[in-house]
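The structure appears right after this line, and notes come after that.
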Amino acid sequence: ATTRCDPTLIPIAGGWFELLEGGEALRYRCPPGHIPTPLARRSCGPDGQXEPLXXXXXXXXXXXXXXXXKCRAVWCPPPQDMEHGSFWPRLPRYPPGSRLHFQCFQGFNLRGAPNRTCGEGGRWSGVTPVCDDGSGDCPAPPVXXXXXKEGSRYLLEDTVRFRCGPGLVLLGSAVRQCLEGGVWSGTEPQCRAPLSFDTPSDVAASFMASLSQSVERADSNSSHGPTEKLPRXIRVDGSAXLNVFLLXDA
């Protein structure tokens, strides 16, 4: 007999579900700005009951069972105090659609996005803004929302350290060093909430940024022409993360 999910045994608080594979599995759906927890997809057994609700606990590296599925709100983390600048409005957390505005104190120039919007996936749009006066060998390093930075010297071989607030996970380099050429080692750190995720627009923006930097760029100090395609390379150090996205055209 064909296994089918029993609709009376698989509700989700605040959302709905759709049956897949002829009723042998289901996918939970939530309103915009929310995500199904502890999982988004379930399979059903011969008796029509769905598999147990279990999610991996990062801290204990074990699975924790939940009594019922529910839709939980996704929030963007609040920024820490901006070095040599300020931002508004100041809230404990920001729902999708919220906007932040940044400005620098006198004598400092703003690099990055002066305005950022909280996306549906719990991530801020645009480039992390920093206030820089040009006095260091390296520019002021970006400090992502909810990250704290240790170190305020940006001369050659100086290092800065980053950490995230409680309940957030650091992705990227926890330690960065000012290198020759005025660049920082590693990758920009991000503090991500456990429920945040990459939306299709986030993925598209990442691809476009990568292509614009490596496919058709003109180097005034080399023999490359303005439209000559250059080799594309991916550099990942020991403390960085590499996200691989697979796109399937159905």
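Glycine is no exception: its Cβ is also placed from the backbone N, Cα and C atoms.
Note that the coordinates shown come from a computational prediction; the quantities given were computed from them, not determined experimentally.
So that you can see what the record holds, here are the features copied from Swiss-Prot:
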type	residues	note
DOMAIN	3-73	domain 'Sushi 1'
DISULFID	C5-C44	disulfide bond
DISULFID	C30-C71	disulfide bond
DOMAIN	74-133	domain 'Sushi 2'
DISULFID	C76-C118	disulfide bond
DISULFID	C104-C131	disulfide bond
CARBOHYD	N115	N-linked glycosylation site
DOMAIN	136-193	domain 'Sushi 3'
DISULFID	C138-C178	disulfide bond
DISULFID	C164-C191	disulfide bond
CARBOHYD	N221	N-linked glycosylation site
Arithmetic mean of per-residue pLDDT over the domain 'Sushi 3' (136-193): 93
For N115 (N-linked glycosylation site): intrachain residues, at least 6 apart, with Cβ closer than 8 Å: R99, L100, H101, F102, G126
C5 (disulfide bond) versus disulfide-bonded residues C71, C104, C164 - nearest by Cα: C71
Helix, strand and coil residues within the domain 'Sushi 3' (136-193) as assigned by DSSP: 0 helix, 23 strand, 35 coil
The domain 'Sushi 2' (74-133): DSSP-derived helix, strand, coil residue counts: 0 helix, 23 strand, 37 coil
Chain-internal residues near C104 (disulfide bond), provided their CB is under 8 angstroms and they sit 6+ positions away: H84, G85, L110, C131
Separation of alpha carbons, C30 (disulfide bond) and C44 (disulfide bond) (Å): 20
Cα proximity to C76 (disulfide bond), best match among disulfide-bonded residues C30, C138, C164, C178, C191: C191
C191 (disulfide bond) versus C118 (disulfide bond) - Cα distance in angstrom: 14
Nearest of the disulfide-bonded residues (C138, C164, C178, C191) to C30 (disulfide bond), judged by Cα-Cα distance: C191
Other CB atoms, at most 10 A from the CB of C191 (disulfide bond): 24
Rounded Cα-Cα span from C191 (disulfide bond) to C178 (disulfide bond), Å: 21
